[in-house]
Amino acid sequence: MKFLLEPAHDRDVGINSIQLYQLSENEHFVLVVQDMTEDNTIPVLILQKPLDREQAQEHALLLTAFDGGEPKRSGYFNIVISVQDINDNAPYFENDVYKLSLKENSPIGTFVVKVNASDLDEGVNSEITFFWDNSVKSHVKDTFSLDNQSGEIKVKGMLDFEEIQKYQINVIASDRGSVPLSTQCTVIIEIEDVNDNIPEIDVTSSIEILPEDVAPGTTVALITVTDRDSGVNGEIQCMLDNDLPFGLKSAVRDGMYSLVTKFNLDRETTSQYTISIKAKDKGTPSMSSTKNITVTISDINDNSPKFSQGQYSFYILENNVPGASVFAVNAVDIDENENSQLTYYFKSTSFDKPLYSLFSINSQNGVIYASRSFDFEEIKNFTFLVFVKDHGIPTLKSNVTINVFVLDQNDNSPVILSPRIKDGFEEIEEEIPRNAKPGHFVTKIRAYDADVGYNALLLFLIEETSDSSLFTIQPNTGEVRTRRHLTDADSAVQKLIILVKDHGRVSFSTSVALTVTIVEGMESLEVSDIQTTKYDEENSFTFYLIISLGFASFLLVFSILTFFLQCCRKSNDFTRKYLNDVNYSEVNVNNGSLCHSFQYRAAEKAFMFVGQDLETGSAVGVDCDGNTLIVPDFQIPSNQVSAVHSNS
């Protein structure tokens, strides 16, 4: 067969025009060139070897045209040849003979075998249809069915080993080509004899709902088991799964059993049991049947409520809104219905106040509400109990500890401690000599803030002054000093407004007026030298303090009794040495803010606050209550103000 191809074109003429066609190597086609005119040739493709679609469905060729010029030029195009199918292949089976066995009690619709056939052709030529051979008898067609499309053979009628032990069936596979081709296979089916009567299980009486507190040995159901077979095939064994808290107990009459409990039941572990009763005969092969009985376990109140945590810790900002929810507790009871319905309540007091004056609780969901607004400076933490009980009979209950911590907010303004404000007016008067040098100590503003942390860290500033070049103030300590030499041109009375503010996010502040009078002929005294001397004395005292503590600890190792005797002796010596006949009158703050100097009385295990401006004997012992150091009661002279403020 010949196939005319499109000729190539070259705009050159003569020797430079197309001179040669060339076809890529292949085993099926050759190329010839036909001369149409003197200057026109046509390439022709000729098939020289038969095609086989089953071996190659497509052939790709390359046709190249060359001219005769120098340099030689060429052009090409691809030729793709698709091979179409004809019905030249007959179907073939995977197996010529299919041999299998089938039990005589196989139900209708049971899958027997699937005969598989293939055809190398494609399209309609490869579509296969299955059908019985003409030799197949009608009773075989009544017993088995053949799916024409899939080749599946299924049971269509009843099988009986005693009538027919073996079936030999011929199956034809044919394609759908214009001239159909076909092939044949043989299916051999051997029928197996079986014990074809299964045991029957009948539950004559049963309890569907069983309380979880029933005693072991309680009867749950009565069961009768029968088998229509006789002899060995009619002998039955009845059994249960071993992992269930139930057992079978044989009755006096054969084939009768009672289903009883073996162990104590727990609904929280398993609320429902599906009990499979299996009956098995002794035939070969053995036949068995299964009967399921569902038993629901009813609940009794045998579990106390449990809180989700062993204890709760909550944090509340002071100045909270009364009536708002602040936290919640949660408890779970693994019982059900009314046995799992919970009620939350209080049953405690806190700080000699009824707990209901501080909190209220939602009895249904455990949400706790603040009954009042809390003040960190009044109360910092407290503990109480929350109880929960279920509605079962008898009622079961439990409790949990609640730790509440009040968090500080910046809600207190700084308070001026010293110098003392005269006659209730926030104005301080001080005098300095006209010949005071730069850095001359004028006064020290001492203040404290009832808050804690950064909220109590104070900053001292000069807010207003009649002469900004004359005075300066240390922002941390509150010391007011001269900035330069005083001149005759300076006014004799200088007015300053000192601002003391804390470091809270919303800052609070207090102002105090300072009037400084410049006095002629007054002697200038360097207070800083005195303070340095006192600071050295304090360092020396600290050294002796460390030695005393080490000695006391050493004595504790040897004997508790000796320790107490020694402590008593050292306490008396300490009092005579440092505190003899001295009025406990003053506590000063080191820098006017949060940082305080303190000393430790080793024998009495008590802290003393000692300011840099105090003598060693003028000290105050303090006690500890929670997170706050508390100053004992004492009388404050009219010219001194003392304060203690310390927080952990």
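Placement of Cβ uses the backbone N, Cα and C atoms for every residue, glycine included.
According to TrEMBL, the domain 'Cadherin' annotation covers 8-93 (among others).
Averaged across the domain 'Cadherin' (94-201), pLDDT in this predicted model comes to 89. Under the heading domain 'Cadherin', TrEMBL lists 94-201 (among others).
Per TrEMBL, the feature domain 'Cadherin' maps to 210-307 (among others).
For 308-416 (among others), the entry in TrEMBL reads domain 'Cadherin'.
For 431-528 (among others), the entry in TrEMBL reads domain 'Cadherin'. Helix, strand and coil counts from DSSP across the domain 'Cadherin' (431-528) read 6 helix, 46 strand, 46 coil.
Annotated transmembrane segment per TrEMBL: 541-565, in sequence order.
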Run through the domain 'Cadherin' (94-201) and tell me, per DSSP, how many residues are helix, strand and coil.
-> 10 helix, 48 strand, 50 coil
